[in-house]
Amino acid sequence: MAPLGPEKHDFPVFDTTNAKNAVERLDLTGKRRRYGPRTKKWMAFKKKLGRKENLIFFTIAGVSGGIAIGAGLYTSKPSPRAIELIGYPGELFLNGLSELVLPLVALALMCGVMSLRHTTSGAANIATWSMMYYFTSMFLAVSLGIGLVYAIQPGANEPFGNGDLTQCGKARNSTVTNSVGNSAGDAVASLLGLGRSMVPSNIVVAAYQNNYLGVMVFSIFFGAILITLGPMAEPLIKVIELANDTIMGMITLIIWLTPIGVGSLVAGFILKACNITAVLKALAKYVATVLSGFGIHMFVLLPLTCIGFSGINPIRVFKAFSPALFLGFGTASSAATMPVTMQNAEDFGAESSIVKFVVPLGTNFNRDGAALYEATSALFIAQAHGVKLSVGNVIVLAITATLAAIGSASIPNSAIVTLITVLRAVGLSEYVGDISVLIAVDWFLGMVRTVVNIFGDACAAVIVDNWSRRHEAWKIKNADKLYETDSDVEDGPPNDK
C-alpha cells in the first residue's frame, strides 16, 4: 500500500541542468522548475507580442480584414441574419465597453481629484496653476472642434440616415430635423436644463437615465469632499483607487479584443450601408476635420498659450520635446511616453520637482486631443443622422467631452470608450453603433491625438515652471514687505500713547 503523504503530480520535466540561458518558473504544484532556452524564447516572444504598442498593428489588421470581408460580400447581398451574425462579435465588443463606461468615468474622476490630497502648501500653487492651464487648453480644443464641425459640415446630406440594409429605399429618417430635447428654439430653457442635468435630484436615477454629466459632477464633488476628511478617509480612498485599478484592468482586456471587434463592426457596417460611396466621402471629410483641429490646436493655439502666458518661444518647445512627440506617435500612449516627456522637460530647463508633478498630472488630466476628438466625433454622428442639437445640448457636449477626456485611460483607443459617454449625455444613445465607422480610422487619429496630448503636457510643464519662477522672484523682491507685514501681525497694533 502506498504511503500516505502529499499528492504528487508527474509533470514532464526536461533535463536542462546543462542548458545555457535556462529559465525557472513555478509549475502548477508551486514547485520551481527549470526550462530550456526554447521555452525562454517563447516566453520572451509572448511578452513582446503583448506590448501595448502592438495593439495598433493588430487593429490595422482587424480593420483590413473587416474591409475585405465587407467588400467581398457586399455584391452578394447577404441576408439580414447573415449580416447580424457577422456583426455579432462587434456588438458584444461595444456592449462590453458600454457596461464599463459609467464606473470608469466616475471612479477615474474621483481618483483624479483625490490625487491632489498630498499637495503641500507650496505645491498647492503648482496644482492650481496646472489645473487652470489644463482646463483652459481643453476648453480651447473643444470649442475649436465644435466650430470646425459646423464650418466644414462633414456629416452633411445625412450619410448615415439610411444605413440599415433592411430599410434601404424606405427613406428612413431622411428628413430628420428634430433636436435632442425639446428646447431647440429656447436657449434659456436649454441652459436651465443644463443646470438640472448637472445637479440631478437622484444620482442613481441619473445614472440609469444616462445623465453622465450629473454623474461626473457628483464624482468630482464626492472626491473633493472626501479629501478634506483627513486620515479617517484613507480606507475609503484606497477602496476607490483599488476599484478604479480593477476597472482599468477590465477595460484594458476588452480593448485587447479591438482587432476582432473592429473587424466585425466594419464588415457589418459595410454590408448594411445602402450608399457606401456617401459613407466613405463623409468619413474622409470627418478625418480631414479632426486632423485640421489637431493641426490648428497644436501649431496655433498651444503655441499662443506659450507666448501669451509665459513669453517662451514655442519653436524651442517643439525642438526640446520632439523625442517625446515622435515616441507618442508610434505608441499612441501618453502614459508610455511619460518618462521621455519628463526627461525632455528637465532638459529644457524646467525644475525637476515641478516636472515630476505637472507631467504625471497632465498625463491623467490634460487631454486636449481627446477632448477635441470626442466633441468633433459626437457632433459628426449627430450631423450624419440629421439630428440638430440645441444650444443647451451643445454646451452639454462641450462639458461632457472635456470631463470624459479627463476620465479616459492613457492607453490606445481609450477615447473611443469615453465617446460612448458623450453620445449618451446628449441623447444619442441609439447611434452608439456608429462608432464602428470611426474605429476604422481611429488607429491613425489615435496616434495624432496622442501627439497633441503630449504637446499639451509639454506646454503645461514649461508654462507652470515659468509661473513658479516668476512667483519666487516676486517673493524675493517683496520679502521685506512680507516680513514687515508678518511682524506687524505678530506684534499686534501699536499702542497709542
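The backbone N, Cα and C atoms fix where each Cβ goes, glycine too.
Here TrEMBL gives transmembrane segment for one range in the set 55-74, 435-454: that range is 55-74. Comparison of 100-119, 131-152, 250-271 by number of C-beta pairs under 8 angstroms to the transmembrane segment (212-229) places 100-119 first. Between the transmembrane segment (131-152) and the transmembrane segment (283-309), the number of CB pairs under 8 angstroms, six or more residues apart, is three or more, so the stretches are in contact.
Within the same chain, residues 55, 58-59, 61-63, 65-67, 69-71, 73-74, 78, 83-84, 86-94, 96-97, 100, 104, 163, 165, 279, 409, 411-414, 417, 433, 435-437, 439-440 sit at least 6 positions outside the transmembrane segment (250-271) and bring their C-beta atoms closer than 8 Å to a C-beta of that stretch.
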